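Notes follow once the structure below has been shown.
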Amino acid sequence: MTQVNAPEFVRHPKLIAWVEEIAKLTKPAKIEWCDGSDEEYQRLIDLMIANGTMQALNQEKHPGSYLANSDPSDVARVEDRTFICSEKQEDAGATNNWEAPEVMRAKLNGLFDGCMQGRTMYVVPFSMGPLGSHIAQIGIELTDSPYVAVSMRKMARMGKAVYDVLGTDGEFVPCVHTVAAPLAEGQKDVAWPCNPEKYIVHYPETREIWSYGSGYGGNALLGKKCLALRIASAMGREQGWLAEHMLILGVTNPKGEKHYIAAAFPSACGKTNFAMLIPPAGYEGWKIETVGDDIAWIKPGEDGRLYAINPEAGFFGVAPGTNTKTNPNCMATLHKDVIYTNVAVTEDGQVWWEGLSKEVPANLTNWKGQPHVAGEKAAHPNARFTVAAGQCPSIDADWENPAGVPISAFIFGGRRADTVPLVSEAFDWVDGVYKAATMGSETTAAAVGQQGIVRRDPFAMLPFAGYNMADYFDHWLQLGQQVGEKAEAAGNKLPKIFNVNWFRRDAEGNFVWPGFGQNMRVLEWMIDRVEGRANAVETPIGYVPTYEDLNWTGTDFSKEEFDLITSQSKDQWITEIESHTELFNKLGERLPKALKERQDQLLQAVQKI
């Protein structure tokens, strides 16, 4: 039996007993209690360089930065192997994979038996959210992957201080992770151990996470999607708050008025770019600051406003397409201390990916560690960077405020070639929830599967809601009602809800809207709507701006182009709204009646387009 040897700074008997129990099951060669120190980080990096898991990059150009190349079979989240094992199947709902908890436990007990043989088990303590915040949650991840241990140090508040908050009897979310590649004595390890069989399992009632077979980010960094969205959304439903797949940004106008906006886009629809937006020419005196680029935890305040924190401490961003033109703030964030995964590397040890520069450098080594072949992808489409959020030049002064920041508006948007206009404002909270619930987006490389097919991705939470999606819609409706009453009493208002689509195409298939920094023009109109000073036209699908309602200083974007991306087609909208029935039927009896009623009203309204 492996010695647990808990250090003095761990004073939590229940935690120590749990580590003992998991060690008994997984049988690691040794146990290491992570303290989050610089020394520990460097030691684990050096260990991975020696093992061939990582390589040091050019330290002049990329100080403190390293590259890991994963196994080609382990490159993205595996939605078909992700389970919500609630006690009752109907509590997981039709959009989640479900297995009876006792069946799954029996299966996992068999798989985890001896799964860490020959490896070190790392005990990784982490806080999602600022340490000690009333919105934060503590997790402990037991993993046999040093890649996970070093990545968690960037993505969460990881280290000794977590145990001070935890004390002797604090609550924590238990997370168990294995790459599922036990080593027999004397057996040589591979650079990226993983297993063709994969399970990412959540038990919402007992707040446990078990992950088997994958070393990749979203499947292995269990504080991220697993805790911060799937488990946290189930907690939020019980406790009256929201865990959302949203960026949070602050907008300050030249008058000094500041608003915080939370926005939900599916993966690879530009969340990180939008969160770090740089205002374009014509917007001197405006400022955009970043609170978070991926996840928001939102709790109602006593004043009836909704307050959000970014539970993460780092960015785990998609590298391809990122460059000094599309996201200068992000590129500046990557100036040092980055862990890259599945990008290409130049012969002098610099990183490269599609979209970083027009010219492909000569003698590239691709993400599989082989010489790059022209016409093939040098970096994997889902290649990532992992970096501390504090390095971002646009980071908001309040990004770690334990009380959170007050949200003025929610934005929902997907990747649609037609139908959905550039921007529209919902008529009211119920209408906004309907629009978010029926969001559609063309599929991308961030999930394994087909590309270019429109799938419904409610609230951009389809892969991340930890309970029945119909109950999730109901939770949004109920929360709106409760918070709305509180807000009214305090003289405040519920956040406005907007829909955007940066991705409309013309007849030749080209994007019409320039996007990136130009999205500031849409953001300004939204802020002015919140402040009650911008015009809008009422249409069957919401309030929309005219060409004259937007600020075009510094650009020659024409009225014809604007009309092209804001036009509403009666036939397209009838097809669109009728297609929502498929999702609603899938959700069955638990679907809130208010949404079905809203669908009927919309169907009648769009006949008038």
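Heads up, the Cβ atoms here are built off N, Cα and C, so glycines get one too.
Per Swiss-Prot, active site is recorded for Cys269, and the stated evidence type is sequence analysis. Here Swiss-Prot flags Arg77, Tyr216, Gly217, Gly218, Ser267, Asn382, Ala383, Arg384 as substrate binding site. Swiss-Prot lists Lys225, His245, Asp294 with the feature Mn(2+) binding site. Per Swiss-Prot, the feature GTP binding site maps to Ala268, Cys269, Gly270, Lys271, Thr272, Asn273, Arg384, Arg415, Phe516, Gly517, Gln518, Asn519; the stated evidence is sequence analysis.
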Tell me which of the recorded positions Gly217, Gly218, Lys225, Cys269, Ala383 ends up closest to Phe516 (GTP binding site) in space, Cα to Cα. Cys269
Fewest other Cβ within 10 angstroms of its own Cβ, chosen from the binding-site residues Arg77, Lys225, His245, Arg384: Arg77
Can you check which residue among the binding-site residues Tyr216, Phe516 has the largest number of Cβ atoms within 10 Å of its own? Tyr216
According to DSSP, does Arg384 (substrate binding site) fall in a helix, a strand, or coil? strand
Could you give the maximum C-alpha to C-alpha distance in Å for the residues Arg77, Tyr216, Gly217, Gly218, Ser267, Asn382, Ala383, Arg384 that bind substrate per the record? 16
With neighbours defined as other CB atoms within 10 A, the best-packed of the binding-site residues Gly217, Ser267, Ala383 is Ala383
Asn382 (substrate binding site) to the residue listed as 'active site', Cα to Cα, whole Å, comes out at 13
Tell me which of the binding-site residues Gly218, Gly270 sits in the most Cβ-dense spot, judged by other Cβ atoms within 10 Å. Gly218
Coarse DSSP state, helix versus strand versus coil, of Thr272 (GTP binding site): helix
Round to a whole number and give the Cα-to-Cα distance in Å for the pair Gly218 (substrate binding site) and Lys225 (Mn(2+) binding site). 6
Cα-Cα distance linking Thr272 (GTP binding site) and His245 (Mn(2+) binding site), given in Å to the nearest integer: 12
The sparsest Cβ environment within 10 Å, among the binding-site residues Thr272, Asn382, Gln518, is found at Gln518
Nearest recorded site to Gln518 (GTP binding site) by CA-CA distance, among binding-site residues Tyr216, Ser267, Arg384: Ser267
Least buried by Cβ count (within 10 Å) of the recorded positions Ala268, Cys269: Ala268
